[in-house]
Amino acid sequence: VHFQSFTGLSSLGEKQMILFVILLLGYIVILGGNSMIIFVTLTDPKLDSPMYFFLANLSFVDIVFTTTSIPKMLSGFLSEVSTISVPGCFLQMHFFMQLGLTGLEILTVMAYDRYVAICNPLHYTSIMTRPVQLLLITGAWTFSAVCTLPATIIVINKPYCGPNIVAHGWCDLFTVRQLACADITLDSIIFVCLGLVSLLTTGGLILTSYVLIGVSLSRMAVTQRLKAFRTCSAHLTVVTITYSSASFVYISYRVGNFSVCIIVAVLYAALCPFLYPLIYSLRNKELQESIRRTVSFLLLQHMDHLLQ
């Protein structure tokens, strides 16, 4: 399949290089910030709690999610036409969908973790054991696979007559399916149903968790309430940004012109993974201190090595 890096990227003119620089810098921050979070949560004994275990998993998903699309987009910015093999296109399409949904699933798991921590603090350690944490993460990956595999299989089995030019920055499901020389009406209904099931499930569970947290907070004293709110403020911020951004992308596809849709889609693919490490590090003192200790230790080691 010929992947024309934005049958629009090459037509963005001056915006093309501006977007390239923004995307490149953003990708560097995504890799660095999320890698640092994974490193400190694995090496710092003080961060040995379920919340940081889930955060490390979310950071890993964000790294892989952005890596499925951003490097190919960056190469597309530097050439008029960028190509990708047919298997590569379908793999990129599938993992972009699955990893995006896996991120939402992990955010749902983190909402449940905050619910247990605030509403059942005395039983928190007995409920959120390591086997339970692994089960929840496995469930997140399994659910995302179940929701995205049918769409991938349907698209793969369609006939394609060419010209196979994907009018997007990556092999996006809704763009690739339009290349099929067959009726896709039923496919569209199936895709919408799968999307609604996945988004309403995650959104509904997150909303339920926070409603229950809100009820529990209403019964607490003011100082306890503020302390409890601080523990979930970063997660709540991330959830709000994620769903707001997804809604904005959907609206732009409906009412925006092609260039606007492409730019919004690219920024969405990079914006959330870019903001997540910043939000969690800025709103979490434990994580801030751990990163500070780790950076100081690495710098001291480097200085000792230079002096030797």
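Cβ atoms are placed via backbone N, Cα and C, with glycine included.
Annotated features in TrEMBL:
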TRANSMEM  17-40  transmembrane segment
DOMAIN    33-280  domain 'G-protein coupled receptors family 1 profile'
TRANSMEM  52-70  transmembrane segment
TRANSMEM  90-112  transmembrane segment
TRANSMEM  132-156  transmembrane segment
TRANSMEM  189-213  transmembrane segment
TRANSMEM  234-251  transmembrane segment
TRANSMEM  257-282  transmembrane segment
TODO: Determine which recorded stretch among 52-70, 90-112, 189-213, 234-251 has the most C-beta pairs below 8 angstroms with the transmembrane segment (132-156).
DONE: 90-112
- [ ] For the domain 'G-protein coupled receptors family 1 profile' (33-280), provide the mean pLDDT of the predicted model.
- [x] 86
TODO: Determine which residues of the chain contact the transmembrane segment (17-40) at the Cβ level, with the cut-off under 8 Å and only residues 6 or more beyond its ends counted.
DONE: 47, 55-56, 59-60, 62-63, 66, 70-71, 73-74, 77-78, 263, 266, 270-271, 273-274, 276-278, 280-281, 287, 290-291, 294
